[in-house]
Amino acid sequence: MQKPIKKDPNRYHGEKMTEFSEWFHNILEEAEIIDQRYPVKGMHVWMPHGFMIRKNTLKILRRILDRDHEEVLFPLLVPEDELAKEAIHVKGFEDEVYWVTHGGLSKLQRKLALRPTSETVMYPMFALWVRSHTDLPMRFYQVVNTFRYETKHTRPLIRVREITTFKEAHTIHATASEAEEQVERAVEIYKEFFNSLGIPYLITRRPPWDKFPGSEYTVAFDTLMPDGKTLQIGTVHNLGQTFARTFEIKFETPEGDHEYVHQTCYGLSDRVIASVIAIHGDESGLCLPPDVAAHQVVIVPIIFKKAAEEVMEACRELRSRLEAAGFRVHLDDRDIRAGRKYYEWEMRGVPLRVEIGPRDLEKGAAVISRRDTGEKVTADLQGIEETLRELMKDILENLRTRAWERMESEIREAETLEEASRIVDEKRGIISFMWCGEEECGMDVEEKVRVDILGIQEEGSGTCINCGREAPTGLTLPEHIS
């Protein structure tokens, strides 16, 4: 494939911590994650390298979900009357819906919406599938694209009009307590998933005015980006019986009665990949967790004329061994300078680089370079597979540890409104304080401190920063991407 974007080893990516927007835009292009030149605003093309990262990320998620969920695939189009059935839900999306009004040259009798989310797509079918208490629980998920006419400033992978990687799970239960247990289970699923990516997260219950439309409550996962803004990366919703009543989803109890089911749903999107890129990357480019990287190992031959063929043969043999052992490996045998190869593979975030030259070959060894720390170690070629596996485990642990440390360093406590305001003026990041959870009080805090309330953490107790009533821990932030 001919490269559509010219690589420049002297290109300035931008300082990640101080010029994050420029850095992020440049890395997406330079590392061939996506091509943003598609002629529709807010829509992009996944390039082969980016698509492999996406594929590997979803592989991790599917491995977790497939333990007790079933994967399905529902249509893209939603009839207007079905979308309109749940008024509260629709009100949350009505300004963002794309409509199909014609089939060819003929005007449709009823408009069809491109799904903004899939409750109104899936739940009419659930009403047909659920019959008896013996059918429950049901747990489904799908990975699809969704469309929202985003009117704010679009940002690739973060705020888009086509969400190309929308994972949504929908579950159906006989009782409210079972739905509550599923919410807790969904939170554990996402914790395991984000931990496997090394992504730090805050878990909060969203304030009532910011919950998912039609839900009883929303639990959200947020992470902190390099520019000091938080990014919502996952949500879990307890839907209660709201949608069951709208779409007549009932089951027969053991006693022969008919009752409405209880439901949950939880989703995440392209933002997960954006957070992996943003949080772990550096001024040299991507720095990917091994399970996500398109290539986990790149082999770079150090060629001198005297032993060129012997070195190449050793590299080819090592590639075969590593592939047989389950590694995703690439042998870079291009006839260009080794330094250029180092630059490109560092920029693309390959976790481990293996260098073999004539001297290494004489010793039966290779030099292994870590992308996350830049450290180099010499390892015997015999048994190098185990060395690489141990290094990959250590790389993930290191990425995870330093990401958590950075986020936690940006959380600051405030005991008064004045102190919270001062932190907003002087710092970026997250403010921790006590909030009673009441909407009127929360709105008052937002106005006085000039922040958005992120939500409530269940742990901790004290008195509300505004009204003085007993309160759990609340979190605010100067800027939040929801």
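Glycine too: its Cβ is placed from the backbone N, Cα and C atoms.
Under the DSSP three-state reduction, HIS237 (L-proline binding site) is assigned to strand. The L-proline binding site annotation in Swiss-Prot covers THR117, GLU119, ARG148, HIS237.
Within 10 Å of the C-beta atom of GLN232 (ATP binding site) sit 19 other C-beta atoms, taking all shown protein chains into account. Residues or ranges marked as ATP binding site by Swiss-Prot: ARG148, GLU150, GLN232, THR235, SER269.
Annotation source Swiss-Prot lists Zn(2+) binding site at CYS436, CYS441, CYS464, CYS467. Cβ environment of CYS441 (Zn(2+) binding site): TRP435, CYS464, ASN466, CYS467, ARG469 lie under 8 Å away, each six or more residues apart in the same chain.
Long-range Cβ contacts of the region 'Interaction with tRNA' (346-376) within its own chain (Cβ-Cβ under 8 Å, at least 6 residues beyond either end) map to 27, 30-32, 49, 280-281, 284-290, 293-304, 306-307, 310-311, 314-315, 318, 330, 338, 382, 384, 387-388, 391-392, 395, 398-399. The feature region 'Interaction with tRNA' is assigned by Swiss-Prot to 346-376, with similarity to another entry given as support.
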Please determine which of the binding-site residues listed here (CYS436, CYS464, CYS467) has the lowest count of neighbouring CB atoms within 10 Å.
CYS467
Largest tally of Cβ atoms lying within 10 Å of a Cβ, found at which of the binding-site residues GLU119, GLU150:
GLU119
Just counting, how many other CB atoms are there within 10 A of the CB of THR235 (ATP binding site)?
23
Could you give me three numbers for the region 'Interaction with tRNA' (346-376), the DSSP helix, strand and coil residue counts?
8 helix, 12 strand, 11 coil
Residue among binding-site residues GLN232, THR235, SER269, CYS436 with Cα closest to the Cα of ARG148 (L-proline binding site):
SER269
Where's the emptiest Cβ shell within 10 Å among the binding-site residues ARG148, HIS237?
ARG148
Can you give the largest Cα to Cα distance in Å, as a whole number, for the residues ARG148, GLU150, GLN232, THR235, SER269 that bind ATP in the record?
19
